[in-house]
Amino acid sequence: MWSATMERITVNLAERSYPITIGAGLFEDSAHLSSLTAGQKVVVITNVTVAPLYADKILSLLQSLGCQASLLELPDGEQYKSLDTFNQVMSFLLEGSFARDVVVIALGGGVIGDLVGFSAACYQRGVDFIQIPTTLLSQVDSSVGGKTAVNHPLGKNMIGAFYQPKSVIIDTNCLKTLPEREFAAGIAEVIKYGIIYDAEFFTWLDEHLDALYSLDEQALTYAIARCCEIKAEVVAQDEKESGIRALLNLGHTFGHAIEAELGYGNWLHGEAVAAGTVMAARTAQLQGMIDQQQFDKIFSILSRAKLPVHTPESMTFDDFMTHMMRDKKVLSGKLRLVLPSSIGTAEVVADVPQEVIRQAIEDCRTIN
């Protein structure tokens, strides 16, 4: 069912289609960059954590292709996914007199990918960029699909654009240097795909969680590829999130509220999504959409994955609602939640009674 060979997936968006290449050791091979960068001016943007690990490898590849390569290192952390850091990127590009033919590479996790993608969308009204995600979360989710953004103090990802990369290059060897907490945060998004789209994949994850945590190369390549396949299918159908793409936000309405209330960076995005997914599943159970056994399966796999599965002690129902009503899925003042309707399917539900949401939040303080 799964092998360690390199995987290649295409995101089909007509003339804006692009490849996702997945495998171990891709940083050793310039072929994946050559058609997009050979002889070009290239700016690699990364953070101070990733730069010592991988920047020299990427710069060496680019130089072997005859590129004029520059490096910009930014601070590391969700709190730096901001307009201030965006301005820092703009200043670097302007002061370097880079023209519209520059190629920008996002080398890092979700923060770098979102920030650099938004910068590429805005610089001179749009320049080419390549995603080279180095965390599991960014490899399976944020690097694919063209969502780019920075945060505002009042809400996550509120300032952004849909802007597709020219290519996504995923070297699974990056995961060997990833702290386990960051790896677990990525697993939250992996599990999400099984819950909303693929019951067979959910079962596979339940059976192979230990293999993933031991960084089994075959298991990782298969899991990442399956997530990217699902994301590519969804994005091809609904690039701008007017329909099915909203399902990818399972757990995110609750999760974004946690991140915004407790301060960006205190909870990792995937951690907040995990707790939010449990709250969404409990809401679905209270609404009669899933049964106890299905809820238990969702709770169990997230718990086994060493992720937070309870409501943060310090957050009240009102804290949640303040942030959730700013969610981008709110339409005409009505909160819309992504809820599982079984393991393998989900739907967007409007007008869930606030009493049900309150009970779900409270239940998830102590549920086990």
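Any Cβ shown, glycine's included, is placed from N, Cα and C.
Quick look at what Swiss-Prot annotates:
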- 76-81, 110-114, 134-135, LYS147, LYS156, 174-177: NAD(+) binding site (BINDING)
- GLU189, HIS252, HIS269: Zn(2+) binding site (BINDING)
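On the structure: features taken from Swiss-Prot.
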residue	record	CB count, 10 Å
ASP76	NAD(+) binding site	18
GLN79	NAD(+) binding site	15
GLY110	NAD(+) binding site	25
GLY113	NAD(+) binding site	31
THR135	NAD(+) binding site	29
CYS174	NAD(+) binding site	24
THR177	NAD(+) binding site	14
GLU189	Zn(2+) binding site	27
HIS252	Zn(2+) binding site	26
HIS269	Zn(2+) binding site	28
Euclidean distance between Cα atoms of ASP76 (NAD(+) binding site) and GLU189 (Zn(2+) binding site), Å: 21
DSSP three-state assignment for THR177 (NAD(+) binding site): helix
Integer Cα-Cα distance in angstrom, THR177 (NAD(+) binding site) to HIS269 (Zn(2+) binding site): 19
Alpha-carbon distance [HIS252 (Zn(2+) binding site); CYS174 (NAD(+) binding site)] in Å: 26
GLU189, HIS252, HIS269 excluded, remaining Cβ within 8 Å of their centroid (Zn(2+)): LEU137, ASP141, ALA188, LYS192, GLY251, GLY255, GLY270, ALA272, VAL273
Integer Cα-Cα distance in angstrom, GLY110 (NAD(+) binding site) to HIS252 (Zn(2+) binding site): 15
